[in-house]
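> Residues or ranges marked as compositional bias 'Low complexity' by TrEMBL: 16-30, 37-54. The compositional bias 'Basic and acidic residues' annotation in TrEMBL covers 467-491, 604-628. The compositional bias 'Basic residues' annotation in TrEMBL covers 500-511. Residues annotated as compositional bias 'Pro residues' in TrEMBL: 536-547. Per TrEMBL, region 'Disordered' is recorded for 1-56, 452-644. Residues or ranges marked as transmembrane segment in TrEMBL: 62-89, 127-150, 162-188, 194-218, 245-269, 281-300, 307-331, 351-372, 384-405, 425-448.
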């Protein structure tokens, strides 16, 4: 009768003759692992992230990966800008946004090219005053694209070379596609600049993609630790000296841009009513108001750079023949754009705005200190030079930003808008460079003056110390685990012995050597027939070395108390000097050794003739016996009979 439950399939038992499915037979070749397992085992650390190529997929060529990433970035960017343009066209049809869907798409392509700082011509004028805020959209997409390319390719051995290759592989197809789009979007009214599209798109893709690739490389090596920004990851890949310069330039630029943004924000807050009047005059409506707000936000970086140019000294212009600087304000009619309400009134510059002139010197001090603090070692003579180089590089970057923040706004009087790049760069290099050199010299002097035993105060030293302690703790735990495993393995493999284990035998006690008497028993004593020593005397055997009590002591366990000395065993005394054996011609008188007299004129060597020598006394006639005790001769006499 079967014991299975109705409706339940009986379990199949594997045949004993046939080998099981999971266990291969002896001598058979080892089965190849599944494709997924093989790919996972051979996949580099950077590829197993879940967001890149699957572990089992073969690696693509780098140019193919770059083309895919470029298409992905361009497609998403165009989709976002086309959606915004379509919303504006629906809210306000028959405007400059285009006629029909083809015109809307052409306008979206122009906006996409503008986001890479590629200008265009409209009518008889050229528009080069482009918002820098729209760089965020392609920058973020290219940043993610560079990281994706690194994850697909895996973690390379040469990190800097791989980052450069990824940046070029992404930027080349990206710029080529941008040039084709610029040619396709050209029309009779709007003609985008093809060469600016090529150069701008290549630079933006190379910088953003390189930062994303650098962050992916460093994050793959960090093994769980978070890498917050691409600039920080790029700093880790740079050598120490260039890294210190980059840190100093970044610190100086941050102070300059922060001072410019603070100046613009304070001026806009004081002229907020004028900005409200301009907004009411435009009357954009609900949808137009949202689009106008987006345009204003896109021009905020330009406004901060204009404020930086004012703090440096040259200022900026809003049209031909105008100037806004600390020396005075000369303005004409300005466009009706609400953020331009922050411009001061014509005449002398506001007194409170003159405080911004201290910003370049503060920026130089910050940059000089950061440059010296990030150097691998203090430099006595080169500290001012390093500080000045940091300030000069800051001036060069400030000139580049000033050139990007300005440009023509059509033809005629508005052909000159924004700060002068060369003036801002030259003054910034001098002001920031000199103050950075002085600050670097002072910071280096303080570093050299600090004693060597003082704790390091470099930024991130506490974090590095904590990471080092954690790594040492993990290494100690790993060594302890390996030691326990090594101790456990022999105990498991050792065969079990029957019966009780034999007790270890106690070490045998060393036999103490009995010292021989200091004077041999063969020494002459009174009463012998011939007390004269004939021939050279035999040397007496030397007493053995006194045994060291610690050397012959019985070994005891380490933790057991030392066994007290037995009372029956006498403590070893000091070793006495061994008496010299009697020389030739020595006379033994009553147990004392009398040396021979020093040499005289009779015989060479000090020995007297035989007839002049001292006569030997006759032996004692009294009855008794002698005994040698420690070199002294004792005469033992018998006690007289008391009965007699």
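The backbone N, Cα and C atoms fix where each Cβ goes, and this holds for glycine too.
Caution: TrEMBL annotation is automatic and unverified by curators.
Tell me about the surroundings of these features in the structure.
Among residues of the same chain six or more beyond the transmembrane segment (62-89), those with a C-beta under 8 A of the stretch's C-beta atoms are 95, 97-98, 104-105, 107-109, 111-112, 115, 137-138, 141-142, 145-146, 148-149, 152-153, 165-166, 169-170, 172-174, 177-178, 181, 205, 209, 287-288, 291, 294.
Same-chain residues lying 6+ beyond the ends of the transmembrane segment (162-188) with a Cβ under 8 Å from its Cβ atoms: 62-63, 65-67, 69-71, 73-74, 106, 109-110, 112-113, 116, 118, 142, 145-146, 149-150, 153, 156, 194, 197-203, 205-207, 209-210, 213-214, 217, 234, 237.
Below 8 angstroms of C-beta separation, residues 46, 69-70, 73, 113, 116-119, 135, 138-140, 142-151, 155-156, 159, 162-164, 166-168, 170-172, 174-176, 178-179, 181-183, 227, 229-231, 233-234, 236-237 of the same chain, each at least six residues beyond the ends of the transmembrane segment (194-218), sit close to that stretch.
With a threshold of 8 Å between CB atoms, the same-chain residues lying at least 6 positions outside the transmembrane segment (245-269) that come near it are 231, 235, 238, 275, 303-312, 339, 341-344, 353, 356, 359-360, 362-364, 366-368, 370-371, 374, 386-387, 389-391, 393-394, 397-398, 428, 432, 436.
With a cut-off of 8 Å between Cβ atoms, the residues of this chain six or more beyond the transmembrane segment (281-300) that come close are 84, 87-88, 91-92, 131-134, 336, 338-339.
Long-range contacts of the transmembrane segment (307-331) within the same chain: residues 256-257, 259-264, 340, 343-349, 353-354, 356-357, 359-360, 398, 401-402, 406, 413-420, 423-424, 427-428, 431, each at least 6 residues beyond the stretch ends and with a Cβ under 8 Å from a Cβ of the stretch.
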> Test of understanding: applying the rule of at least three C-beta pairs under 8 Å (pairs 6 or more apart in sequence), is the transmembrane segment (351-372) touching the transmembrane segment (425-448)?
yes
> Quickly jot the same-chain residues contacting the transmembrane segment (351-372) by Cβ under 8 Å, restricted to those at least six beyond its ends, or write none.
244-245, 247-256, 259-260, 263, 267, 307-308, 310-313, 326, 344, 378, 383, 386-387, 390-391, 394, 427-428, 431-440, 443-444, 447
> As a quick check of your reading of DSSP, tell me how many residues in the compositional bias 'Basic and acidic residues' (467-491) are helical, how many are strand and how many are coil.
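Helix, strand and coil residues of the compositional bias 'Basic and acidic residues' (467-491) number 25 helix, 0 strand, 0 coil.
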